[in-house]
């Protein structure tokens with residue numbers, strides 16, 4: 001069964017936006033608050049490119065792009081990239097960094113629901129990384145992503161599982177013990193179980209293709225993609241053909 005979900009009010013948590021606005025100027029500091037994003041980006045990019053059959057020449061939308069770490073890297077692969085975010089400061093940082101780097105990315109400040117209403121079935125690839133756990137209605141985001149992708153196109157989601165281990169690793173460990181991200185970055189109540197995400201996907205034209213975990217080893221201080229979705233995970237889906 002295919003269903004569409006449309007938000008009446010903007011699907012925005014202003015407190016979440018404020019968190020990222022406050023540290024936006026340090027988005028491209030490789031040793032700053034966003035160091036983990038810089039470190040996992042090659043893994044994310046590699047997974048997206050491989051599962052999409054390459055990004056060169058493809059039209060790509062990065063939902064919740066922030067300061068543009070993933071968006072820029074996909075543009076470097078030869079994609080035509082649009083970055084979407086509701087934070088004015090992160091977008092300003094993203095635009096400036098792209099200009100300094102000589103990389104063309106079109107950054108737009110609007111919700112994914114608003115963008116889907118204007119640009120249905122316009123993208124070969126849609127990415128939504130570490131964003132679902134920061135909005136009031138993540139289901140609405142999933143539905144909007146499904147509307148944005150072309151038939152046969154690829155949609156990627158990444159988020160955090162909701163369980164005791166995820167709370168221990170992503171909140172206690174990352175925020176308080178190892179101080180990898182600022183305190184208060186995550187709210188365990190907003191974490192999303194894979195079954196919940198897959199349930200929302202099943203309500204759309206998207207079909208699950210692959211799911212994989214993103215794992216951090218504190219002993220070696222390294223990240224890797226591997227089976228096991230008990231903390232961070234990525235989901236690859238494709239849009240059904242007409």
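Every residue gets a Cβ built from N, Cα and C, even glycine.
Predicted, not measured: the structure shown is a model, and the values here were computed from it.
Marked as S-adenosyl-L-methionine binding site by Swiss-Prot: 44, 64, 85, 129.
DSSP assigns residue 44 (S-adenosyl-L-methionine binding site) to a helical segment in the three-state reduction. When every Cα pair among 44, 64, 85, 129 is compared, the largest distance found for this S-adenosyl-L-methionine site is 19 Å. The number of other Cβ atoms within 10 Å of the Cβ belonging to residue 64 (S-adenosyl-L-methionine binding site), over all protein chains shown, comes to 22. Contacts of residue 129 (S-adenosyl-L-methionine binding site) defined by a Cβ separation under 8 A and a same-chain sequence distance of 6+ are given as 44, 62, 64, 70, 156, 157, 158, 234, in order along the sequence.
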